């Protein structure tokens with residue numbers, strides 16, 4: 001055996017735990033879930049092959065699918081720009097060399113470190129219409145109070161606020177991008193008479209384009225798969241006003257598992273969501289690729 | 001020879017070990033029975049105390065979170081580790097039984113060794129039998145639903161407080177008057193989504209001479225909405241539009257606290273809310289009244305939770321003994337300590353009523369309403385029980401609720417709901 005062969009075998013041996021893990025915990029569940037999406041399966045008794053029935057029912061008869069998709073699209077359209085804008089704004093603020101900036105960075109990043117369930121439970125108390133902090137503040141300011149999570153018109157914006165509040169992760173990635181923008185270009189523009197706004201829109205933003213694109217993809221994927229906020233704060237309600245697709249899938253598959261176990265149907269929904277996310281990601285990549293500055297020689 | 005001797009020693013030791021394999025229950029001369037509930041910590045503690053007194057059987061309660069009870073139970077059933085009996089709702093029992101996953105208690109009830117069939121409150125056992133008449137669960141805690149009223153608000157509006165025998169006409173007249181007294185607030189708030197559900201309007205329909213939404217509660221393949229049902233829905237939609245009552249999508253999770261703080265004149269909910277209200281110590285006179293009567297009759301809800309056992313149950317004799325003990329002694333002691341609900345097995349309800357009778361005037365109205373509702377001859381079932389019940393909930397949520405909330409025509413909403421559910425039921 002030559003050294004080259006030995007190295008190849010050794011290489012495969014080193015990566016084999018990862019490959020086995022990938023096959024076992026990613027590939028296998030994906031293949032079985034695709035199979036189960038064509039079955040009537042409750043997880044308690046053997047699966048029964050039903051062909052395309054699950055998909056047919058989802059698109060033609062499920063009364064909650066289209067309302068849920070509509071809310072999900074609305075959520076993505078609002079939450080993605082809001083999250084990116086808030087993350088970028090915070091990053092710009094904490095990118096300055098002012099006294100105590102590290103403390104602010106820590107404070108803004110703190111919600112990311114805290115367990116999501118704890119944070120959301122806290123927000124549940126904040127939004128409590130009777131005793132919650134939100135209404136106490138409104139009352140103090142002599143403004144009308146709200147039912148918050150209990151009002152179909154307010155619940156979605158209310159959980160959006162929670163999402164934006166924990167935007168520290170996005171901020172940190174933007175901050176890294178901002179700090180990579182060469183200072184000499186900024187200085188040259190300043191000498192040429194460009195004001196701060198012009199420097200930001202003409203130099204900073206284009207130069208953090210790849211970071212922006214990465215953030216956009218991450219935010220899109222995250223928004224389509226939003227679950228925690230809905231599961232803990234609203235349970236999809238009031239009515240169907242916050243019944244995002246990911247929560248609907250959980251609900252159909254697990255939430256009322258004993259009364260109506262529909263794991264086969266839920267896996268069909270998972271595959272539909274997967275296709276939607278994939279399509280949106282591909283379209284966004286195509287739309288933004290030519291507009292993003294890839295650096296010299298890219 | 002030494003090999004033979006060693007083998008003999010091993011066989012004897014093995015047999016001795018097998019003989020000890022009866023578990024801790026064997027020491028008491030009976031079996032060991034496990035069970036699981038979705039009750040609160042204080043209720044479980046009270047139940048534990050009582051169950052520990054049972055002689056001859058070791059009873060072990062398995063811890064379970066209240067919120068994720070269904071998931072825990074499902075995983076236990078899937079892994080064939082379900083406890084010997086567990087809390088189940090009526091619709092859960094019907095669904096699990098249809099999948100062949102539950103133990104049939106019919107023969108034990110017929111034997112009469114333990115629970116007596118004729119001592120269950122009228123009609124309660126019927127809802128636990130499948131279409132073939134087999135009994136896959138035993139009803140336990142019975143729920144009643146009604147109206148919690150703030151007497152001061154009724155006095156202020158110069159109205160008689162709701163009481164047994166009040167009518168649907170009075171209900172609608174009262175909430176209109178309460179709205180006139182305080183035009184900013186919604187007088188009737190739903191803490192529980194039954195009143196404005198199809199079953200709630202079905203109760204109105206039957207009470208006023210119409211037909212129920214399902215002809216039979218178990219094994220029904222279609223729903224219907226007759227003229228009286230439609231009148232009931234239109235009347236409710238009108239009251240919602242006028243701001244006299246909350247809509248079906250209203251989130252009532254904070255209603256109890258608001259009621260106890262004097263912010264709601266009339267709140268619809270179940271008898272178990274009594275404990276939460278009492279803990280908040282309202283500083284006004286309040287009480288609990290049953291469903292209103294119609295022009296034809298008084299129709300009251302029938303709803304029980306219960307216990308079920310897995311089809312793989314190993315020791316039905318000991319389990320039956322524990323269930324029988326719990327229904328009478330266990331619940332009498334537990335409900336005396338934690339008065340949550342009357343018991344469908346009537347000898348088990350004494351503790352509940354004793355606790356309420358020893359309480360304040362409001363507690364006495366809870367007892368009176370519970371007694372009245374359970375005793376009334378004409379009943380309505382509070383939920384769909386057939387296997388199509390859960391997807392039917394989605395149909396109701398997308399057709400019926402928007403119609404009642406004024407987002408679409410009431411009759412169009414009813415037609416959509418009827419057509420949607422019938423399509424599901426026919427599958």
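Note that Cβ sites are derived from N, Cα and C of the backbone, with glycine treated the same way.
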Check: Can you check which of A:38-66, A:154-182 TrEMBL lists as transmembrane segment?
Finding: A:154-182
Note to self: Checking distant contacts: for the transmembrane segment (A:154-182), what same-chain residues at least six beyond its ends satisfy Cβ-Cβ under 8 A?
What the structure shows: 71, 74-75, 78-79, 82-84, 86-88, 90-92, 94-95, 105, 108-112, 116, 119-120, 123, 127, 146-148, 203-204, 207-208, 210-212, 214-215, 219, 226, 229-230, 233-234, 237-238, 241-242
Check: Which listed range (A:106-126, A:203-224, A:270-288) shows the maximal number of Cβ pairs under 8 Å with respect to the transmembrane segment (A:73-94)?
Finding: A:203-224
Next item on the list: Look at every Cβ pair spanning the transmembrane segment (A:203-224) and the transmembrane segment (A:106-126), keep those 6 or more apart in sequence, and say whether at least 3 of them are under 8 Å.
Entry: no
Notebook entry, point to check: Excluding the flanking five residues on each side, which residues at least 6 beyond the ends of the transmembrane segment (A:106-126) place their CB within less than 8 Å of a CB in that stretch?
Noted result: 90, 94, 132-134, 149, 162, 165-169, 171-172, 228-229, 232-233
